[in-house]
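See below for the structure under consideration.
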Amino acid sequence: MKYRDLRDFIAQLEALGELKRIGVEVDPHLEMTEICDRTLRAGGPALLFEKPKGHTMPVLGNLFGTPRRVALGMGEDSVEALREVGKLLAFLKEPDPPKGLKEAWKTLPIFKKVLDMAPKKVGSASCQDLVREGADVDLSSIPVQTCWPGDAGPLITWGLVVTKGPHKERQNMGIYRQQVIGPNRVIMRWLSHRGGALDFRDWCEKYPGEPFPVAVALGADPATILGAVTPVPDSLSEHAFAGLLRGSRTELVKCLGSDLLVPASAEIVLEGVIHPGDTAPEGPFGDHTGYYNEVDQFPVFTIERITSRRDPIYHSTYTGRPPDEPAILGVALNEVFIPILQKQFPEIVDFYLPPEGCSYRLAVVTMRKQYPGHAKRVMMGVWSFLRQFMYTKFVIVTDADVNARDWQDVIWAMTTRMDPARDTVMIENTPIDYLDFASPVSGLGSKIGFDATNKWPGETTREWGTPIVMDEAVKRRVDEMWETLGL
């Protein structure tokens, strides 16, 4: 099923029983977080708060609170079907050279489909139906959530931040949280390696002292939102990928105050600039780790214009100790990652990011081991192949007979197949999430790999244990008599 815009997605979710309207007054200050958190932990529906306290604008929460809704947002009916999305991305990331003319013709439709999904620029759009500029810009008109008691203030969480550096044609689109500090000012928390921060750095080098144009789209269609958090190859734009998911080209419209292009169907768009040198202390905020993060300096985004649809809907979320919405997104996107990894490492059988590991900090890999030291090669591959795993601190590698998604199985393998000195790999001074306060230096820490595979000659001189397995004939006989046993 495909969706034109966020409102179409809301309508379809409601028809499926996957969205509930909340008609009573609920405060965006803390109350929405508690309601969304309880609902998410119960596997409940997306929530449309129709009467946010002190506001007339509805708030959409818990939109991607189950893996199924993530799959639906990607145009699929099940989480399992996301493997096909991953296979497409794996092919586009590293296409196999055709072995002949016949095979070349077979791959041609795939490339044609991608080319046909290039975004379409339109002259007018619903996201610019209403325009507020100058003194009329007031973020207090938007019911921005304050999520936790110790938060520094209201926090915009689902904004798609659009930037463009001076050295490339393509725009960057990323999701960076924004602390509201005034009627027209928010703190843009982007880490130094992220696309928006790199664009800003390059801009400051080429145009020192000049304001840097930025736009933030709130409430885009689900394919565009999910395109911004999916491991899209550098050769494919997020908008083209969203078009593939949606089955139609992404429509973009030029901002009123800059040349940046934003999703035409977005509910709200914030337009403005970042003045070089204008920074402010950001935080603390409760984060996906389950802790409040440190305070640090980040650029301030000055909003010069707010455009929106008529009767806009504000899309929001919260982050907290897993499971939260980012953790659920991780569970679903896990299925997209697997084919991409398998394309590079065919020996990988399964790959699992447990949600309790804060979405990406711990990975379990099962593999078909082929030679001594093979598990260590896979560890290094996980850390280096996709930038999404740059911050993965722990990688556990096991054999294919272990279920990566069953902790009892994984712990059994670790405690029976590992020697701590021989089978751990420690790497120091590697990139680590800025929010990881356990690292000795902000943004720099260590990683550890656990080789929980059966050891081959060359890795051990001892006779290796043989797993206990019941005789199949005995199992069949017991199956036949089971119901007579009264158990």
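From the backbone N, Cα and C atoms, a Cβ is placed for every residue, glycine too.
Residues or ranges marked as Mn(2+) binding site in Swiss-Prot (evidence: sequence analysis): N172, E238. Sequence-distant neighbours of E238 (Mn(2+) binding site) (same chain, 6+ residues apart, CB-CB distance under 8 A): M173, T224, G227, A228, T230, V232.
Shown in sequence order, L155, I156, T157, G159, R189, F285 are the residues of the chain, 6+ apart in sequence, with a C-beta less than 8 angstroms from the C-beta of R177 (prenylated FMN binding site). According to Swiss-Prot, the prenylated FMN binding site annotation covers I175, Y176, R177, R189, W190, L191, R194, G195, on the basis of sequence analysis.
Under the three-state DSSP scheme, D287 (active site, proton donor) falls in the coil class. If you draw a 10 Å sphere around the CB of D287 (active site, proton donor), it holds 22 other CB atoms from the protein chains shown. Feature annotation from Swiss-Prot assigns active site, proton donor to D287; the stated evidence is sequence analysis.
The two recorded residues R194 (prenylated FMN binding site) and N172 (Mn(2+) binding site) have their Cα atoms spaced 10 Å from each other.
With the fewest other C-beta atoms within 10 Å around its C-beta, R194 stands out among the binding-site residues R189, R194. Of all residue pairs in I175, Y176, R177, R189, W190, L191, R194, G195, the annotated binders of prenylated FMN, the farthest apart have Cα atoms separated by 14 Å. Within 10 Å of the C-beta of Y176 (prenylated FMN binding site) there are 22 other C-beta atoms, taking all protein chains into account.
DSSP assigns N172 (Mn(2+) binding site) to a strand.
Cβ-based neighbour count (10 Å, all protein chains) for G195 (prenylated FMN binding site) stands at 17.
Around W190 (prenylated FMN binding site), a 10 Å sphere centred on its CB holds 21 further CB atoms from the protein chains shown.
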